[in-house]
There are 2 protein chains.
Amino acid sequence: MSSYSPIGPVVGIVGAGQLARMSQPPAIALGVELRVLANNPEESAARVIVDTRIGDYRDLGDLREFAKGCDVITFDHEHVPTDHIRALAANGYVVHPGADALVHAQDKAVMRERLTRIGAPCPAWARVSSADDVASFAAEHGWPVVLKAVRGGYDGRGVWVCRTPDEVAEAFATGVELMAEAFVPFDRELAVLVARSPHGQGVSYPVVETVQENGICVEVIAPAPGLDQEQSAQAQRIALTVANELGVTGLLAVELFQSERGLVVNELAMRPHNSGHWTIEGATTSQFEQHLRAVLDLPLGTPRMTAQHVVMANLLGGDDPDLFKRYEHVMAHDPGIKLHFYGKEVRPGRKIGHVTALGSNLDEVRARARHAAVYLMTGEYT
Amino acid sequence: MSSYSPIGPVVGIVGAGQLARMSQPPAIALGVELRVLANNPEESAARVIVDTRIGDYRDLGDLREFAKGCDVITFDHEHVPTDHIRALAANGYVVHPGADALVHAQDKAVMRERLTRIGAPCPAWARVSSADDVASFAAEHGWPVVLKAVRGGYDGRGVWVCRTPDEVAEAFATGVELMAEAFVPFDRELAVLVARSPHGQGVSYPVVETVQENGICVEVIAPAPGLDQEQSAQAQRIALTVANELGVTGLLAVELFQSERGLVVNELAMRPHNSGHWTIEGATTSQFEQHLRAVLDLPLGTPRMTAQHVVMANLLGGDDPDLFKRYEHVMAHDPGIKLHFYGKEVRPGRKIGHVTALGSNLDEVRARARHAAVYLMTGEYT
């Protein structure tokens, strides 16, 4: 560490969305200088990070220019081409997570192959290149069949739950590379967030329940209510094993289905994750601080919860562009509610912020988070 | 609030030290845009706030230019000339705290006159303009006599505890305007932090003990150990009364002596204060968020503590400019310790950061904070 200036190391984040934005508070505390690669200066993180560079994350020249002077490079999203990441590493830049790990969060087929090999629980799956392939898959595993874009999907985009061959045709009409997965009739969705540092230290946050609507997470409950200790330990073991086997450096979020046949891995992400926003106030070390510590190969912080129950509710944009005017009510109504706005223009359905409530009575905590979120989004009093 | 953009209001902070810097994390969360007036782009807050303007806070023209487009103006320090603040208000800018309140944190004689009038407990005091005045004061109140610069002192500077007429002569040799106070033989020092919003809502944080060395605060213990409930309530009442009587908007820190004759007010500050840094992790609403809420006239957040005991220890610069290299040890030693660096070049005696420990055993919590602070400052293992 002795090569850093008195001001601390420079961490470059490719992408300037809300995850980069929410990394700035712990960076400020730790004396770590953030640099972001943004598409434009109006982006969420660009508004709050002085060293903002404008460029295209798909352009290797832009990435190389951005990387100069960074002590570590990491990511706000998974969309940087894997080969560009390899090229940066070949140029001697330190990149966390590295390409060999990150590809598993970029390519769902590569992820399924690897998870299957290491024995992590997966749904039945197959690469498919035609409606006939899907029909064969369905003959074996039944309908519905879940078709997924192998690369580039997020927040429910790039996922088609097909109940008929016609719906399959629709998915193929998009022209993107697809894979098929058996539909998992799940009871609920869970997520586990773990951190792993380059020298191999790992920690796991408590398992949470994530509540989705239309493929978008709307609520996260920490810890997952009523989850038995054995299944909780199993979920954490799966995530730590995946992080270790894949050589993840930084954060890994594992989304799981809880089903009759047990836990099944749904998706992976290798960065701070929406299912971990509750940690900003709800854990001694937030996921954003943890990611910085991990990519800088510093000792990890304790993931201990600061309250018995923590509930986060996402704020999705509606018709009204001016949510700030509703602060007065929610703050007066609940002096303990924590508000987070991402500095993004409001567009319908867009994640523009979140709220977090903490306390010892779960029903109350959920009601507080819901009240604040609904009021901020709609002006309706629940 | 409906006039604000979707991005939220702009709060202009005059001064770019660590208080402005630590205001950025809650501003990011609330979607409030900060603007700072800095002396140079290397200052603590200028490193982490995009909208940094360079200028001189003693120049009314610079202040007017800075104020354009700010929804509210507030301060990182008390050194802006009172008349300039009046001029800004006369130009229609919203300034919190206003000049009529802030003058009591700028001018210690004005403060003593006002506190005496409203019945807040003060030491005996007098304006003095010569060594003879001091001799008369000492004849009535005894030695030592505490001489204070009426304006401009901080962190022990501008304070002379005089035990002889010779020491009095030294203080007068500086040429600054002085006042005399009777020395208070105190048991310990306490501080209370309250917030008051323009519409009159007030909240008080728990009373803390502050431990000073050479006039500089080195440790803050929240809540003040062993303080009886009556004296705690009295301290909070004094601070809320002062805030109300003086029309403070934003934060007010009241430093108190706990002595045989009871509580005595020592100093006032009208901004986030070193005695409140523990609130970043130790209270549901940090002092920095609270100040933003207050100056924006939003409902105040709960000051409730997040742990039973919280201890903050300041980091003062020593001979070694590179403290970052010591992160590894302190983080590995204590995964729950919270580190705060101000992004300032290390100079001997300069406040360059602080650490905070939280827990249920006070002795342990103090030892953890001390260990981390001593190690970071000196590399010595305590």
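We number each residue from 1, going along the chain as drawn.
Each residue, glycine too, has its Cβ placed from N, Cα and C.
Among the features that TrEMBL reports, ATP binding site is placed at B:Lys108, B:Lys148, B:Glu181, B:Ala182, B:Phe183, B:Val184, B:Glu189, B:Asn266, B:Glu267. A coil conformation is recorded for B:Phe183 (ATP binding site) in the three-state DSSP classification, outside any helix or strand. The Cβ of B:Phe183 (ATP binding site) has B:Pro123, B:Gly142, B:Trp143, B:Pro144, B:Val145, B:Val146, B:Val161 as same-chain neighbours under 8 Å, each 6 or more residues away in sequence.
What TrEMBL records for B:112-296 is domain 'ATP-grasp'.
Listed binding-site residues (B:Lys108, B:Phe183, B:Glu189, B:Glu267) with a CB under 8 Å from any chain A CB: none. Per-residue pLDDT, averaged along the domain 'ATP-grasp' (B:112-296), amounts to 95 for this model. Residue annotation for ATP gives B:Lys108, B:Lys148, B:Glu181, B:Ala182, B:Phe183, B:Val184, B:Glu189, B:Asn266, B:Glu267. The furthest Cα pair among them is separated by 18 Å. Cβ environment of B:Glu181 (ATP binding site): B:Arg112, B:Pro123, B:Ala124, B:Trp125, B:Val145, B:Val146, B:Lys148 lie under 8 Å away, each six or more residues apart in the same chain. Remark: B:Lys108 (ATP binding site) has B:Lys148, B:Ala149, B:Val150, B:Arg151, B:Gly153, B:Met179, B:Glu267 as non-local neighbours, by Cβ distance under 8 Å and separation of at least 6 in sequence. Listed in sequence order, the residues of the same chain lying 6 or more apart from B:Glu189 (ATP binding site) and placing their CB within less than 8 Å of its CB are B:Glu209, B:Thr210, B:Val211, B:Gln212, B:Glu255, B:Leu256, B:Phe257, B:Gln258, B:Asn266. The Cβ neighbour count for B:Glu267 (ATP binding site), using a 10 Å radius and every protein chain shown, is 18.
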